[in-house]
Every structure is written in structure tokens, then in C-alpha cells.
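For reference, the structure is listed below as C-alpha cells.
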Amino acid sequence: MELIFHEKQEGSLCAQHCLNALLQNQYFSAVDLAQIAERLDVREREFMAEGGVHTREYQQFLQQPSSNFDDSGFFSVQVISDALAVWGLEMIPYNSQTEQANQARINPNNERAFICNFQQHWFAVRKLGDQWFNLNSLLTGPELISDTYLSLFLTQLQQEGYSIFIIKGRIPDCEADQLLKIVPAVQTIRPSLLEDPNAQTSKGSSTGELQTALEESRHASDMDDVTLQKALKMSMQGYHDDEAILQSAIEQSMKCENPAAAEISTPSAEEVRQKRLEFFNKQQSSTPSTSTSSTVDISSPQG
């Protein structure tokens, strides 16, 4: 019996939670990230000073707040990138036209991890063993994502406005990764969203808004494998950003006599969203835990 490292949302420290979830240990604190941000600020001041310390541009720059962090716990993408560089890791935009990004879009299962950002909320999606997990700190625990639905999950996040980054480089070894290669995790009850509508995220965004977007991207789906493969095939042909494709796939699946329950859905109409929500609520556990960290049990599959 082993556990997957997962930090639950505390204040606006999603960047810290994201990095630690990715690395599977408590490697970074808010102080560590603030020091990285301060070093970035110094470099930016030095760059601006090259044009002259008495120029209007430089004086205006000094009056502006830091773009790398603030008192709420917000940290910029530059801070995340520099923190990962300490471990020899690199962030590559998922929608870029590089060869690495093209390959990741064709077969995301060949990657090791992704970092996702929405309204300055950060979370990691990582492969542990041969399984994928959504390690979002707004969830009560890690969420298992099947290989079949990973591509659709990432596509849905993009449609909800998320920026996605591919993580390249050798991620540090962790015990959960080693054990899951031997004994895959089984998740009979999916984690729920943390209930804290009054909490504030970085730069004033409410967690309620983030929870809504996240919930839309993870409702249970009743698409069968045939319909899913059609949707994925269409997305690989260059239409993965078209909302009509996913809507068409959902409509086809709703006509199936024996739809199969899936882990990730792509609702795009209000009545479809409501249908998914009703299904999702039936699958949820009771009241979420109030502790600041949680785990997923690694146990032998039944049957």
C-alpha cells in the first residue's frame, strides 16, 4: 500500500501545489518561489536600466508592481519555468508548432506530464506508472484519467480556456511511480471539488469560477469507445479546436442504446451539461475531507 502525493488548495498557492504534485514531493515552498520571482525582478530591472536609469520608461517601470508575484500568492509562468529548470525540466506550449508539441498532440500518452493554467490557476497532470492522474489542488484528491480519454481531456481543457504546457526532461523518480508500474491504481470513487466559494485565487479570481470551469471539463460522459475514437480521429485531422465536433460526438453517443460511462466528458450545451452533472453527482462520495493534503490508494485490481 502506497500513496500518491497531492496538495489541496491553500490560499492562492496553486503554483506551489502544482510543482510539488508534478515532482511528487514537497520540494517548493512559497518562500522558494518568491526568491525565484525576486531574482527575475532584478534581471528585468537590470535590462530596463540598460536604456538609462533616468529615462521615463525606467522610472515608470520602477513604479509598477512585480509581474512575477504578488502578496496573494500569484506566481508567473516565468517563475514556474525557472523553478522547473532547477530540475532540468522544460515547459513547451502544447499548441505550439514545434515538432515536440506536434508529437504530443498526436499521442499525448507518450509524454510524462503536463502543466495546465487557467486564470492564473496552475495544476499538473502526470503519468505515474502507466496511468495518468489529474493532480489539481482544487480536487479532494488525485483523479485517475484513462489513456483512452487523455487526449479528449486535454482538448476539452483547451476549449475551456486553459493553456497547456508539455513537461520535457527527466522528472525525479518517486516511489509511487515505481509501485504503480507493478500494481496499477484502482479508483472506485472519483474525487470531488473542494467546497470553498469564498476563497480567493491569484489576482482576485474566485475559486468558484475555477471550480465551474474545471467541473465542466471533468463531468462523467456516456460516450462509447466507437464515438470517442471518431471524435479523436477528427481532432487529429486539424479540427480539434472546433466546438461543433465535440458536440456532434456527444449527440451521437446519446443515441446509443447502451452508453458506457467514461471518466471525462466534453459537454457544450446547457442541457447536456445538466445531464452530465446529474450523473456526476450520483458518483460522488459524501462530504470532502478538510485536510490540506490527500492521496490515492494503490491497490490490486479486483477480479
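Including glycine, each Cβ sits where the backbone N, Cα and C put it.
Some features that TrEMBL has for this protein:
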- CYS14: active site (ACT_SITE)
- CYS14: active site, nucleophile (ACT_SITE)
- HIS121: active site (ACT_SITE)
- HIS121: active site, proton acceptor (ACT_SITE)
- ASN136: active site (ACT_SITE)
- 198-210: compositional bias 'Polar residues' (COMPBIAS)
- 285-303: compositional bias 'Low complexity' (COMPBIAS)
- 1-182: domain 'Josephin' (DOMAIN)
- 193-222: region 'Disordered' (REGION)
- 279-303: region 'Disordered' (REGION)
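Here the CA atom of CYS14 (active site) lies 6 Å from the CA atom of HIS121 (active site).
Each residue contributes its Cα atom, and for CYS14 (active site) and ASN136 (active site) these two points are 9 Å apart.
Using a 10 Å radius centred on the Cβ of HIS121 (active site) and all shown protein chains, the other Cβ atoms total 27.
Within 10 Å of the C-beta atom of ASN136 (active site) sit 30 other C-beta atoms, taking all shown protein chains into account. Cβ neighbours within 10 Å of CYS14 (active site), excluding its own Cβ and spanning all shown chains: 28.
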